[in-house]
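Colleague: Handing you this structure, nothing more for now.
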Amino acid sequence: RHVCGACGKRFNRPSSLRIHANTHTGATPYRCPHPGCGRAFSVNSNMRRHLRNHA
């Protein structure tokens, strides 16, 4: 298992740990592609859920 050095949370995949690390760094690499929106998210699934608001 892969353990977060900041909070001790455990993950089955290293990719899940990398995504989780955004919560500690404040990184928001997932940007809403809707023109003029400008919102950004630390988790891709949150961005996709937000994107439905534009539909």
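Note that Cβ sites are derived from N, Cα and C of the backbone, with glycine treated the same way.
Summarising the annotation, TrEMBL assigns domain 'UBP-type' to 1-55. Summarising the annotation, TrEMBL assigns domain 'C2H2-type' to 2-29, 30-55.
Describe each of these features in terms of where it is and what it packs against.
Modeller: Secondary structure counts, DSSP: the domain 'UBP-type' (1-55) has 23 helix, 8 strand, 24 coil.
Restricting the average to the domain 'C2H2-type' (30-55) gives a pLDDT of 97.
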Colleague: If we skip the immediate neighbours and take only residues 6+ beyond the ends of the domain 'C2H2-type' (2-29), which ones have a Cβ under 8 Å from one of its Cβ atoms?
Modeller: 40-44
